[in-house]
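*Asks:* Quick one: structure below, then a few questions.
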Amino acid sequence: MAKHTFFVTGTDTGVGKTIVSAAILEAAKAAGKRTLAMKPIASGCDQTPEGLRNEDALMLQAAITEKLPYDTINPIALEPAIAPHVAAQQAGKQVTAQRIVGFCRGMQIRPADLLLIEGAGGWRVPLNDRETYAAVPGELKLPVILVVPLQLGCINHAMLSAEAIRADGLVVAGWVGNHPEEQVMSCEQDTLNYLSTHLGAPCLGVLPWLENTDTAEMPAILSRYLNITPLIEN
């Protein structure tokens, strides 16, 4: 059974949840830990001879130590590159929190030191007309890792996301500052200082923008900027 399970969310879509997750997995592997990860639902998948494949889920598959089939890591694969609940409707698929919870519990029973479950978009992304993705970590009672893009407006988005997570009865286990774009925001250190003081959770690291780097090499390089001790110390 997975010793530590965390749900990874972001303040928005496109903030780098997958690269942060992969970097955490690489850091855990470097510490001698067995790792698992999954992205239960993914839109924007590509047609391949093996079926629908999502580049984020493939990155997670490459980063884990306990090798698993793709369909176990990404059981709900959707082709349209749009919001998951709309993509599911267009594909004629029913997506519910309980269905995703079932996939996650199936992963949790596998032996590992660390399991990361990556969400889609931000905390309140819809799964259907009645539920949001927040219902999944809520049902599983998972601590949450919050990915914050270091750009204008991120303080407000990070604080609101953390408030929503806690309002749902869950713990923000840590946060990671990420640079999803090359441009560095002005007064970045002031922003980091504010978040470190007011977000109420440990900063696990700040990941730089990597230029002219092979995508496959990024997680291992970025893992050096992380301190994942708060995630694996017990």
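Just so it is clear, glycine is given a Cβ too, placed from its N, Cα and C backbone atoms.
Marked as active site by Swiss-Prot on the basis of sequence analysis: K39. Among the features that Swiss-Prot reports, ATP binding site is placed at 14-19, D56, 118-121, 178-179, 208-210, with the record citing sequence analysis. What Swiss-Prot lists as Mg(2+) binding site is T18, D56, E118, and the listing cites sequence analysis. Marked as substrate binding site by Swiss-Prot on the basis of sequence analysis: S43.
Would you situate these features in the structure and describe their surroundings?
*Replies:* Within the same chain, residues at least six positions away from K39 (active site) with a Cβ under 8 Å of its Cβ are T18, N54, D56, A57, L60, I73, N74, I117, E118, A120.
Around the Cβ of D56 (ATP binding site), the number of neighbouring Cβ atoms within 10 Å comes to 19.
According to DSSP, E118 (Mg(2+) binding site) is assigned to a strand segment.
In the three-state DSSP classification, S43 (substrate binding site) falls within coil.
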*Asks:* In which DSSP state, out of helix, strand and coil, do we find G16 (ATP binding site)?
*Replies:* coil
*Asks:* For S43 (substrate binding site), just count the other CB atoms lying within 10 A of its CB, please.
*Replies:* 23
